[in-house]
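Here is the structure we will look at, set down as structure tokens.
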Amino acid sequence: MRTLWIMAVLLLGVEGSLIQFETLIMKVAKKSGMFSYSAYGCYCGWGGQGQPQDATDRCCFVHDCCYGKVTGCDPKMDIYTYSEENGDIVCGGDDPCRKAVCECDKAAAICFRDNKDTYDWKKYWRFPTKNCQESVPC
């Protein structure tokens, strides 16, 4: 447990927008991104290749593609601004790149929420990468 706490504290200082992404997932999908989506299917987690395995994995595929289209900042590191208005997440700020990252994260969180019924932990958690070989373009 202590190791997990230390890792979480280290991540807070290192991965700005990834922590925000976790927060958005918690707010919108009511699940922990770290414990639910960090090693799921072919695309949820670090990297990604192959065919998305279900609608949840496709959320991660689309999120990866969205990050790939962002230019001018680092989607995983740079902090963005957002607010909540009438239960909706509203991305803000003057930096178009950071706003785009926020929109990517918001869309993924909504996708996770809308596809909770496809989430199959037993089948796709720590899915073997050998089953993720076919390349799929964004």
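Including glycine, each Cβ sits where the backbone N, Cα and C put it.
The active site annotation in Swiss-Prot covers HIS63 (among others). For HIS63 (active site), the same-chain residues that are 6 or more apart in sequence and have a Cβ closer than 8 Å to its Cβ are TYR43, CYS104, ASP105, ALA107, ALA108, CYS111. When secondary structure is read from DSSP and collapsed to three states, HIS63 (active site) falls in the helix class.
As annotated by Swiss-Prot, active site applies to ASP105 (among others). DSSP assigns ASP105 (active site) to a helical segment in the three-state reduction.
The Ca(2+) binding site annotation in Swiss-Prot covers TYR43, GLY45, GLY47, ASP64 and is backed by similarity to another entry. Annotation note: GLY47 (Ca(2+) binding site) sits in a coil segment as assigned by DSSP.
Taken from Swiss-Prot, the feature disulfide bond covers CYS42-CYS132 (among others). Secondary structure at CYS42 (disulfide bond), taken from DSSP and collapsed to helix, strand or coil, is coil.
Sequence-distant neighbours of CYS60 (disulfide bond) (same chain, 6+ apart, CB under 8 A from its CB) are TYR37, TYR40, GLY41, TYR43, CYS44, GLY45, GLY48, PRO52, ALA108. Residues annotated as disulfide bond in Swiss-Prot, with similarity to another entry given as evidence: CYS44-CYS60 (among others).
Using a 10 Å Cβ-Cβ cutoff, CYS59 (disulfide bond) registers 28 neighbours. Swiss-Prot lists CYS59-CYS111 (among others) with the feature disulfide bond, giving similarity to another entry as the kind of evidence.
Here Swiss-Prot flags CYS65-CYS138 (among others) as disulfide bond, drawing on similarity to another entry. Taking the Cβ of CYS138 (disulfide bond) as reference, residues of its chain lying under 8 Å away and at least six apart in sequence are, in sequence order, ASP64, CYS65, GLY68, LYS69.
Sequence-distant contacts of CYS66 (disulfide bond), defined by Cβ-Cβ distance under 8 angstroms and a gap of at least six in the same chain, are ALA100, GLU103, CYS104, ALA107, ALA108. The feature disulfide bond is assigned by Swiss-Prot to CYS66-CYS104 (among others), with similarity to another entry given as support.
Taken from Swiss-Prot, the feature disulfide bond applies to CYS73-CYS97 (among others), supported by similarity to another entry. In the three-state DSSP scheme, CYS97 (disulfide bond) is classed as helix. Non-local contacts of CYS97 (disulfide bond) by the CB criterion (under 8 A, 6+ apart in sequence, same chain) comprise VAL70, THR71, GLY72, CYS73, ASP78.
Per Swiss-Prot, the feature disulfide bond maps to CYS91-CYS102 (among others); the stated evidence is similarity to another entry. Under the DSSP three-state reduction, CYS91 (disulfide bond) is assigned to strand. In the structure as shown, the Cβ atom of CYS91 (disulfide bond) sits within 10 Å of 18 other Cβ atoms.
Annotated signal peptide per Swiss-Prot: 1-16, in sequence order, evidence recorded as similarity to another entry.
Taken residue by residue with DSSP, CYS111 (disulfide bond) is part of a helix. Once Cβ contacts within 10 Å are tallied over all protein chains shown, the disulfide-bonded residues CYS42, CYS73 are led by CYS42.
When the recorded positions CYS42, GLY47, CYS59 are ranked by how far their Cα is from the Cα of CYS102 (disulfide bond), CYS59 comes first.
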